[in-house]
Each structure stands twice: as C-alpha cells, then as structure tokens.
Amino acid sequence: MASQPSSLKKKEEKGRNIQVVVRCRPFNLAERKANAHSVVECDHARKEVSVRTAGLTDKTSKKTYTFDMVFGASTKQIDVYRSVVCPILDEVIMGYNCTIFAYGQTGTGKTFTMEGERSPNEVYTWEEDPLAGIIPRTLHQIFEKLTDNGTEFSVKVSLLEIYNEELFDLLSPSSDVSERLQMFDDPRNKRGVIIKGLEEITVHNKDEVYQILEKGAAKRTTAATLMNAYSSRSHSVFSVTIHMKETTIDGEELVKIGKLNLVDLAGSENIGRSGAVDKRAREAGNINQSLLTLGRVITALVERTPHIPYRESKLTRILQDSLGGRTRTSIIATISPASFNLEETLSTLEYAHRAKNIMNKPEVNQKLTKKALIKEYTEEIERLKRDLAAAREKNGVYISEESFRAMNGKVTVQEEQIVELVEKIAVLEEELSKATELFMDSKNELDQCKSDLQTKTQELETTQKHLQETKLQLVKEEYVSSALERTEKTLHDTASKLLNTVKETTRAVSGLHSKLDRKRAIDEHNAEAQESFGKNLNSLFNNMEELIKDGSAKQKAMLDVHKTLFGNLMSSSVSALDTITTTALESLVSIPENVSARVSQISDMILEEQSLAAQSKSVLQGLIDELVTDLFTSLKTIVAPSVVSILNINKQLQHIFRASSTVAEKVEDQKREIDSFLSILCNNLHELRENTVSSLVESQKLCGDLTEDLKTIKETHSQELCQLSSSWAERFCALEKKYENIQKPLNSIQENTELRSTDIINKTTVHSKKILAESDGLLQELRHFNQEGTQLVEESVGHCSSLNSNLETVSQEITQKCGTLNTSTVHFSDQWASCLSKRKEELENLMEFVNGCCKASSSEITKKVREQSAAVANQHSSFVAQMTSDEESCKAGSLELDKTIKTGLTKLNCFLKQDLKLDIPTGMTPERKKYLYPTTLVRTEPREQLLDQLQKKQPPMMLNSSEASKETSQDMDEEREALEQCTEELVSPETTEHPSADCSSSRGLPFFQRKKPHGKDKENRGLNPVEKYKVEEASDLSISKSRLPLHTSINL
C-alpha cells in the first residue's frame, strides 16, 4: 500500500496527455440542398467516432477513432462547456496555465464553439443565452467562483489576432487596426513569449467582458467563401490572466497566478472548393501554412524527434508552452457529417488522433510574495522612466548608418548563434532534467527501501517470536512423534504376523475356490444336460398326453354314448309305446265324464254368482257414497302437500340426473382405463410367462452366487479371523443344501407357472370381454336413463304446474263420475245376469265338441306309434356298424402310444447313466485348521502424559533458545548498521559526481555479502537438547536433526 501513492506521484511527474474532444455539427442548409448523406457516427458512451469511407451502401469499410470525449450533432453548448471547460477552470484557479483551442475545417463550428452567438432580439443575457460559447461562459464562471470564494483577485484579458503571419491587437485603443506587434522570447520562461505592445485590459465584472468580446469580434477579419458566409480568416488567441492573493499561516501575503488561453484557429480549406481567389487565396495559403506547421510540431512531439519546428510559424511559437510544455491543454476538433467533406473530416480526425499522444507536464505557477512583486514592478517602472528620459533629452547613442547596419548584421548573426546555443542548452537541460529525474527516482526508491526495511525488521522480530513458539511446539510434536514411532514399530510386528496368517488363509481359500470351480463346472454341465433333457422329455410327454387324451376321450365318448343311447332308446321306446297306448285309452274314457262333471260345477257357480251380484249391487252403492266423501277430504289433505313434495322431488331429480350424466362420463373414462389396463395386463402376463422361464434359467445359475458369497467371506476374513473355520464349514453346508433345495422345485415351478399363466391369460381375456360388454350396457342404460329422466322431469314439471290449476275441475269431474258409476253398476248387474245365461248355453255346445275331438285323437295316436317303432329299428342297425369301426381306431392309437412310451424310457435311461456327471474328490481341498495370531494391539500413551514427561526435560532447552534469540538480535543490529552505511554512501554527493564508483572500502560491501565470523559457533549451539535426548533414548532409529539460526537477505 505504501508503494501506490509513490506510483501515482511518478505518473503525475511523467506528465499528462493532451485532452482531445471531437464535436460533430448537424447538416447546414447548403448540405441539405446538395442531398449529402451522413458518413459520421458518434458514440458518446463509448467515446468513438466511426467514418464510412466507401459510401452509403457499404457499411463494412469503416474507420473508427477513439477520443477522450465525443459530442454528436444534438449536443448543446452548455454540454460541451460542462464536460470540457469546467474541470480546466478549476485548475486555472489553482494556479495552472491552461489552453483550449478549436481546430477543424472551415465552416464546421469552431468560432461557434469558442465564442458562440447571440440569440435574436437579445431575449437572453450572455450568461443565460443557450447559444453562448466557451469564452463568455468561462469569464462568467470565473467571476462567480472568485466572488463566492471571497478571495481578492484581479482579471486581465487580451485578444490577439494572427492574420497572414502578422500579429494584431484586437483590443488596442488606437483606431489603427493595422499596427503590427512584435514577439520576443520570455527570459523568465524558456518556452514562453512576450508580445510587445499587446494591450491587457483589467476587467472588474462580467459586463465589461461581454463588451470586450463584442469589440474584438467586430475587429476580427472575416470574409465570405463558398464554404462559410462568415469565415474567419485569422487565428485568435483570447488570454485571461488571474492574480489571486493568498495569506499563509505566518501572515505573509502571496500572489497566485493562473492563465487561460482560448484559441480559435482559422479553418483549413480547399481553395478549389471554397472559391478563394487573389487575396482570399493568399489568406488561405497562410492559414494552411500555419496549420501545416502545427501538424509538423504535433508529429515531432509524438515521434520525440530532437528538433521541433516551433519557430516556423507565429502560431506554433505562441502555443509552444501548450504543446509539450507545462500547460494543461485541450483540443476541440470540429467536423462535418456530410459526405462531400469526407477528406477534410478524415484529415481532422487523423490530426486530432495524433495529438492525443502529446505529453505535457503541467506545473503550478510560482507564487510571488507581495514584496517581490512590488520590487519587480518598481524595477520595470524605473527602466521605463530611464527610457522615457533618454527619449526626451535625446541622451541616447547616435551612430552612422553604415555602422548601424553592420551592428544590426552582427546582432542578427549573434541572434542566430544565440538561437542555436539556446537550442543546445535546451537539449542539455533536458538531458540534465532526465538525469535529475533518474536520481530522484533512485532516491525515492531508496527511501522506499528504507521504509520497507524497517517494516521487514519489525516483521522479522515478530517472526522470531513466532519461531520460538513454533520451536517449542516442534519439540513437543517431535517427542510425541517418537513415542508414536515406537508404537508403530510394535504395531508393524503384529501386522506382519497377521499378514502371515492371512497368507495361509488365502491359500486355503484358493483351494476352496478351486473345489467350487470344479463343482460349478459339473453343475453347469448337469444343468445344461438337465435343461435339454427336460425340453425333450416335456415335448415327448406332451405328445403322449395329447395322444392319450384324444384316444381315451374318443373311446369313452363313442362307447359310452353309443351304449347308453342304444339301451335308453330301446327301453324308452318300448315304455313310451306302452304308456302312450294306456294313457290314450284312459283319457278317451275319462274325458266325457270329466266334462259332464265340470259343466255341472259351472252351472252351480253361475247360480251363486247371480245371488252375489244382487248383494254386491247394494254394497257398491254404499261404497260409492263413502268414496265421494273420502275423495273430497283426500283432495284437501293429501293432494296439496303432495304437489309441493312433487316439486321438491323434481328439483332433486334434476340434481340426480346431472350427477348421473357426470357418472356416465366417469364410466366412459373408466371404460377407457379398463381397456388400457386389460391390454397392459395381457402384455404383462405374457412378459411374466417369459420372465418366469428366464428366471428359472437364471435360478440354475445361483451356484455362481456361491463364489460371490465366498468373496464376501474373504473380505470380512481380516475382521473375523477367530470365527473363520466354523463359518466356512457352516456356510459351505448351507450353500450345498440351498443348491439342492433350489434344483428340486425348478421343474415343478416351471410347469405350474406355464399352466397358471395360460389360465390367467384366458381368464383375463374372458373378464375383459365381460367387463367391456357390461360397461357398454351400463353406458347405454345410463344414457337411456338420463334421457328418460330428463323427459320425466320435464313432464312432471308440466304436470305439477297444471295439477294445482286442475284440482277444482278434478273434484267436479269426480262427483260426476260417481253419479255415472252408480247408474253403471245397476246396468252392470243386469248385464251380468244375461251373460251367465249365455255361458250356460255355450258349455252345452262345448260338451258336444269335446266328444268329437276325442274320437279323432285316438285314431291319430295309434298311427304315430306304429311309425315310431319302425324308426327305432333303423337306428339300431346304424349304431351297431359305427361301434365296430370305432373299436378298430382305438386299437391303432394304443399301438402308437406303446411306441412313444418305449422311446421315452430309453432316453430317460441314457440321461441318467451317460449325460449326468459325478463330482470325483481330488484330495486337494484344505482341511480345517486353527490359526494362531495376536489379538491385542499396543496403544501409545496419552498426549498429556507424554507432554508431562517432556516438561521435566525442558529447562536446558529454554536456555539454548534464549541464547539463540540474543544471537539473532545481534545479527539484525549488524545488518541494520551495514544497510544504513550503504544508503549513506549511495546518497552522498560523491556518488552523484562519480556514478561509476563502487563501494570498495573496508565496510563497502553490502551486508548480505559479508561473512559472519560467528556463524559456525551458532550452528554448534543450535543443537536441540530434546534431539539429544531422542538420540540417547532411541539409538536404533538414529534420528539427529540440527537447528540452524535464521539468516535474512534483503536485495535492494
């Protein structure tokens, strides 16, 4: 952090670049009439100006320049002033010399930027006018700031014009404007100039400044060209000098001087385009010559050439201190956006971009005391008085014209020689200034190194303290580590024993693995043979079962059916004929008797009904009367509340029907889900069938898992050594049993899974069809129910609405109907009696008809019995022929079944005797063995006990550490003395006069190159007593460490 201010200070001493600002004006009237397009793009945020060099259509060929500030066409005067001038004005008040000058093509707004314009009709004052330029705003703010600060000040202004390489005073009180001024070098400032006869006017307020500006603008040379109607034909330099009085702490009065030069350059122009002829052409030539000289000066400053052509132009001579001197400088480059000004725009931007690299070294003007200023003024007054007296009294020197010419020639030659010598002196002074700067830099670096050395010594002391603490901690840790090494050695012995036992057990495990590999190979072979045999046997038995099932089913069906049918047919036909004949004869005999008995019963019943009809007539008359009275009461008590309940029921039915519609939608969704679920279920069942078959094949590979169990036994072997032998035997037996138990149910599981999977698939398909049919029926019923329900609700609502209105009409109709009912009952009883008489006649006719029918039916029955007996005889003969053919086919099926059974027995014997392999013991399996290994481990003593033991041996070590700290402090003192001596020799004036001299005295070597005579003693004394104790205690480890003192080396 200490080096950061010094670096900033160095950067300030190296200088500051000239600030370059670019301002682009908007299109003027002539450019609009010429239909010119814009080729310039200004980016205020990124501070970039882009120029299209290839035309309007080609947007790729661009030149981009970066400046300190960029202002576009819409920028106002106040924005330029606040961004560019306000920071510079503060530096002027601080006592710096500052310069702002505008450069650019003619007609691009240089004069507008520097001086501005007055608004029409003088609506605004100078300070409020938005068109006011930098000069009026600057003077306004100078007076504002100085009056606000309350300091005593004076402001002097001057306005100089450079026209055709001649100097003119625009503020001269004389009427002769053509009076030329002379320019001399300032003896007090080597880069400054003095203009003899230039009028400096003291201004006291802002109004005087505005009058001076108007006076100078009126005298300045302007002319009309094709490029600009009011083209400035000269350069103008407006200088503002501020004297400010300050009072020091001691009460001494000082004068602080700040100077601001505001330069408005004439525009560079193309004579062919501007239309300048004769006088205007000469003016343009002189303007371009001065601007070219300015460009060469800028190029020379950027390239740092030894000669800079300031004297080739009056303009560059005046701006000498502003370009590469001790002045804070800003350049405002003005450009045009029009396409036909592209060459001048690029030239201006190139010029401004080069000027960015000029480095100035701004310095505050020397503050003068009041006495020195008065003395300077009095000397100037006395000199002027003497000149005035000599002119009045003519006491000067008078010589001839020839001698005067010779004297002037000598003076000119001497002046040229003086100029050359001055330039040489300037070069030598620059070299001297560079050497002094290098010396000051080295001195500052030396001071910085001293401060760094002090901080490093302090850090070294702190690190020494930390070193002593770490040494003590290191001793403790070494003592503890020695104890840990001893315990580690014992643990290493026990671990080696355990490794030996592990090697023996791994050998036994490898033997077991080989046995398991043999058994696994045999088991795999048997499994493959078993699988192939099972497949063949399954196919054989399936064929046998199919043959047996088909043959037995056919035989049983044919034999049983034929025998039963034939026997039943014969017995049933005989019994049927007997029963038919007997029942027919009995029925024929009993029919007339039954009919006559039934007719007598019917006649009796008719008589009873006649008597009952008379009784029912009287009973009906009483019931009708009671019905009328009950009906009126029921209409009042039942119908009215029933109507209300019906309306409520209708509302509930509407809610129910809405719910039923939602239920129907849910049922449809459920149907879709059931369809998808059943399809997924069928797929899953097929996959289950395949997976069960594959799982049965994989279950036969469980023997391979035995090896993985043994691997896990091997991993846990190091932790369970004491239970190794017993667990191996038990697990091995368990694994063999597990293998047998797994192998037995494999076939049964396979058959059961196949049967169950087929049954499940069939059942699921049946259930799916049923569920689909039921769901379809349910949906249709629900939809039909919903439609009927809605119709019923609508009808019930209509009926209920009409029920209340029709209650009165219903009651009237009921009374009428009761009257008609009474008359109809009387009429009904009369008709009933007539009907009974008619029925009696019909029954007598029926008796006669039945007797005729019985005779005809008896003849038909006898005829059908004869036909039945003939058909039975024909069927008996055909049954006998079919039975003989079926017996022959059964004999052929039994012969094929015997053949298949014999081939199956031969395959079974071949599988049991040839295909299966046996596990023959080799005698290489390891026997059970008891392993001996250590079961207890040595532990290190607790850390607290070890540190207690160390504290008993610590006093001699503390003495040695204190001696080492004293020696290091002595070393630090010696090194500090050597460093101070070296720095004194570097800073001494002898080193400045003889930079090549080196430190060759007795104490001239740097401290880090000198040898210390007591280094070996310190190394011998640095041996740690705890290490001595360790060497004596653990001689077999032979650990010896030396502690060397800390040496620091600081390289300057």
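Positions of Cβ are set from backbone N, Cα and C atoms, glycine also.
The annotation domain 'Kinesin motor' is assigned in Swiss-Prot to 17-358 on the grounds of sequence analysis. The ATP binding site annotation in Swiss-Prot covers GLY104, GLN105, THR106, GLY107, THR108, GLY109, LYS110, THR111. Swiss-Prot lists LYS145 with the feature N6-acetyllysine. What Swiss-Prot records for 950-1026, 1033-1052 is region 'Disordered'.
Annotated features, which come from Swiss-Prot, shown on the structure.
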residue	record	contacts (Cβ under 8 Å, 6+ apart)
THR108	ATP binding site	ARG25, GLY267, THR334, ILE335, SER336, THR348
GLY109	ATP binding site	ARG23, ARG25, THR334
LYS145	N6-acetyllysine	LEU89, ILE93
Taken over the domain 'Kinesin motor' (17-358), the predicted model's pLDDT averages 82
Within 10 A of the CB of THR106 (ATP binding site), the number of other CB atoms across every chain shown is 25
Counting every protein chain shown, other Cβ atoms within 10 Å of the Cβ of LYS110 (ATP binding site) number 26
LYS145 (N6-acetyllysine), DSSP three-state class -> helix
Reading the DSSP string in three states, the entry for LYS110 (ATP binding site) is helix
Using a 10 Å radius on the Cβ of GLN105 (ATP binding site), the other Cβ atoms enclosed count 24
Excluding its own, the Cβ atoms lying within 10 Å of the Cβ of THR111 (ATP binding site) add up to 26
